[in-house]
């Protein structure tokens, strides 16, 4: 609830009348004193605010200070006015003295009074989504799940009273520090002493935080972040033993999630003070702040408490300066029952055991760090450990049964190697004495890179070799590589503000592939898999008119969560890869080493990176203004499509044009920011010329204008041109039809003349250009005719990913079978050649067999998805054998395909069998694919049953429920069911996932991306209107996507089916 209430027309009218009366009264009096109870505590104007030119506006200034005025009457002052003025001064002095005495008394006794009716217990925990302050102790009279009476959100409290009146509406001026998105900067935290006591039996905790703060500018307000915590007591003292600074009052301001402490005197600039806050709160049953999770072992449910503070949720666990720029040191102590252990960023320094079965762990002091990657956990887990060459102790904590099975051994092994790799690559040692990896059953994200205590959801770190596929091993590997990179990019060097979150997430995402190449050199991740898993995926998203720049302004608190999306992660990574390629990898590496060395333990912005990389280039004799080039890529949304046209009238000359690529031209004309846009990029276009037997050496052309002519050597009538070699650049390339025909001919005659990455890039560009209307619909389908001769995984993977959305656009059409048969025809030869894998898994041969096994898996998936009879028969046989023998002999790398195919083809008994196995298995990788297989059924009753079960947290983990709904939406038999379920349950889903990064946007996108009829578009728009403002960016993208689907079907589906009809007859 807003602190200043809602503004109605009657209130506005009253205010106008009140202001008129005030002006009249001021003409007759020399001064007046504010009637606001809160204003009485204000006293003098803040000197710092006046000095900075941000003085108080007249109405506010009149309410907080004595401000005599003269009138236009005779200059002599009436004796009665003088007498009244004198009396008012005396009265003001008396009231002030009384207030000071009372505040000192209140400072001594604190806020110990309980709310009426609570008998000294809790005064009411804040409700979900709210903010409140309540007195009492967290350890008394509270049971999990109780709902207590709640105080009004935003109440003002003083050091001696539970409440006072909040500032009036007229007092809400722009300068007020608590109304701003960013903290004022008047105060800077230097060190936190944080003492916590966790009561796991009733899921509450109490805390005391002592913050040493430096006053940068004089101020009478201490403003720091706090949300969903009950503040009991606040004290401020000067660092030099000058005694307490009297606290006039404090209040929570939920609009900006801050705690405001109003002082009776100004804090002096360039002095240090100590801020002490005593508070308590819930260990939430949600996924943010300090929350609880659980697991079952030997039939007993056990609980653990764990934190998730990024980006703005540390304030839910303790009052703090919760912005990345405010780095400080932390000393944490956690008191808990001795049956638990506690973890934090640093090692335990001492543990103090008490006779009552409690223990207090005191952790070593941290280096300078931001609040968002502070962390702690309280659990019953066990661990295994190893040590790096430099002496860093690495431990993996997990459920005792997982540790016994060795499920964490793989992660522990590669983490040790990765720390050593990054230390060598960055030439900056790992900064802490230890790194703990914590595997938890419930977490909002795959993992979180807390410094020294990285937290992972179990599915992204535990690996059981007996039931894990190569694909699962790759997923686990890349998540770990990502999080370990964050110990440097993000933790050691932190972005100044959230607009540049890509500075940490883009680098961590890019190094997923670099680091995995270090572990498995033959996998060629950065040169190959990066294309399909990052570049092609994010260009789909960034080709929408509703996209945004990778660096986007954060103007409101609600904007912070929005910057954490695939644009920041994947586009950030793609731009870093492009930068590394045109700089040269060795120069780029030296630049990163300098960047980390210069800014370690501090903050950096994108210009700091650009300047460091430009200097690295200069030292290598190259002069490129990196900032000038990269600002166009990071501050503009989208990306260009380069079109290369051969000029038949002038030998060896080509025309190169660039324009902003948008999938839906209609959306481009409707988007105001894109109308008449003059987006231009400086594009490092690499280019080669070739023919059937020869390819020229690579050349680079910097394209910076809308159109340019260039001379190309070796270009004749029989030669083709290929741009963006190996897709190192973040753009698409189109050609005239003649060049497309020459490239198709080259692929069919001898595809190996082009590199694997170039072949994959051509496939993706062709499908995307056709989807947007830049190319005839037959061109991409003609390109994939060569796949029957393709022996490499990457082009097949690119084709599979490109065909998937096209398949979903067509799968409910009457003549869908024509498309289906065409794809089966392209797959049949390779499927027959490769066959099915054997049922074995040997970790030692994973590295050697990766490319071949992933190719086989991709082709089997296509064959089964499009209805190859042999593939269906094989899957059914394997499932039936498992059911009859109760021995699972299905090859690990294709289990998900077999499970899904079997559920879709066979009867309800198979669904029930898979459902039973989902409940009984303890292997997290197996549990995941069993759950997803249940969504493949053709039985709508079973799909509806599964959707309803997905919201039961005891059956399906919160983070997995989204995947269930999305997978049902991808099933043509369940698309409308998932869409209806999503709308019916939206309030529940939004309450559960609304604050968690990615989750809402992932859900909205997954449920709507394949809607493609006018009726579904209308339903989406109407639904969006009914929840105006909620997840608006995600819904806007969804509407644009569905509009593009509808538009494509209207304009191009007939053209596609006509060509397919002719192709199948020949």
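From the backbone N, Cα and C atoms, a Cβ is placed for every residue, glycine too.
Annotation comment: Swiss-Prot describes 482, 486, 505 as Zn(2+) binding site, evidence class sequence analysis. A helical conformation is recorded for residue 505 (Zn(2+) binding site) in the three-state DSSP classification. Note on residue 505 (Zn(2+) binding site): other Cβ atoms within 10 Å of its Cβ, all shown chains, come to 26.
Among the features that Swiss-Prot reports, compositional bias 'Basic residues' is placed at 15-25.
The compositional bias 'Gly residues' annotation in Swiss-Prot covers 118-127.
The feature N-linked glycosylation site is assigned by Swiss-Prot to 131 (among others).
Cβ neighbour count for residue 202 (N-linked glycosylation site): 18 (other Cβ atoms within 10 Å of its Cβ, all protein chains included). The annotation N-linked glycosylation site is assigned in Swiss-Prot to 202 (among others) on the grounds of sequence analysis.
DSSP assigns residue 217 (N-linked glycosylation site) to coil in the three-state reduction, outside any helix or strand. The N-linked glycosylation site feature in Swiss-Prot is assigned to 217 (among others); the stated evidence is sequence analysis.
DSSP assigns residue 264 (N-linked glycosylation site) to a strand in the three-state reduction. Look at Swiss-Prot and you will find 264 (among others) tagged as N-linked glycosylation site.
Contacts of residue 380 (N-linked glycosylation site) defined by a Cβ separation under 8 A and a same-chain sequence distance of 6+ are given as 302, 304, 339, 340, 341, 400, in order along the sequence. Here Swiss-Prot flags 380 (among others) as N-linked glycosylation site.
Feature annotation from Swiss-Prot assigns N-linked glycosylation site to 647 (among others); the stated evidence is sequence analysis.
Summarising the annotation, Swiss-Prot assigns N-linked glycosylation site to 676 (among others) and lists sequence analysis as the type of evidence.
Applying an 8 A CB threshold to same-chain residues 6+ apart, the list for residue 691 (N-linked glycosylation site) reads 718, 719, 720, 746. Taken from Swiss-Prot, the feature N-linked glycosylation site covers 691 (among others).
Per Swiss-Prot, N-linked glycosylation site is recorded for 705 (among others). In sequence order, 658, 680 are the residues of the chain that are 6 or more apart from residue 705 (N-linked glycosylation site) and have a CB within less than 8 Å of its CB. DSSP assigns residue 705 (N-linked glycosylation site) to coil, not to a helix or a strand.
The N-linked glycosylation site feature in Swiss-Prot is assigned to 726 (among others). Over all protein chains present, the Cβ of residue 726 (N-linked glycosylation site) has 18 other Cβ atoms lying within 10 Å.
The feature N-linked glycosylation site is assigned by Swiss-Prot to 842 (among others), with sequence analysis given as support.
Reduced to three states, the DSSP call for residue 948 (N-linked glycosylation site) is helix. Taking all protein chains in view, 11 other C-beta atoms sit within 10 angstroms of the C-beta of residue 948 (N-linked glycosylation site). Here Swiss-Prot flags 948 (among others) as N-linked glycosylation site.
Residues annotated as region 'Disordered' in Swiss-Prot: 1-43 (among others).
Ranked by how many other Cβ atoms sit within 10 Å of their Cβ, the binding-site residues 482, 486 place 486 at the bottom. For residue 217 (N-linked glycosylation site), the Cβ neighbour count at a 10 Å cut-off comes to 18, with all displayed protein chains included. Within 10 Å of residue 569 (site 'Transition state stabilizer'), counting CA to CA, the recorded positions 202, 264, 486, 505, 726, 948 contribute 505.
Mapped onto three states, the DSSP output places residue 726 (N-linked glycosylation site) in helix.
On a Cα basis, residue 726 (N-linked glycosylation site) lies 27 Å away from residue 486 (Zn(2+) binding site).
The residues near the Zn(2+) site, meaning same-chain residues not in 482, 486, 505 whose C-beta sits within 8 angstroms of the mean position of the site's C-beta atoms, are 449, 483, 485, 489, 490, 504, 507, 508, 509, 511, 512, 569, in sequence order.
Ranking the glycosylation sites 202, 264, 726, 948 by the distance of their Cα atoms from the Cα of residue 482 (Zn(2+) binding site) places 726 first.
Between the alpha carbons (Cα) of residue 948 (N-linked glycosylation site) and residue 505 (Zn(2+) binding site) lies a span of roughly 35 Å. Comparing C-alpha positions, residue 217 (N-linked glycosylation site) sits nearest to 264 among the recorded positions 202, 264, 505, 726.
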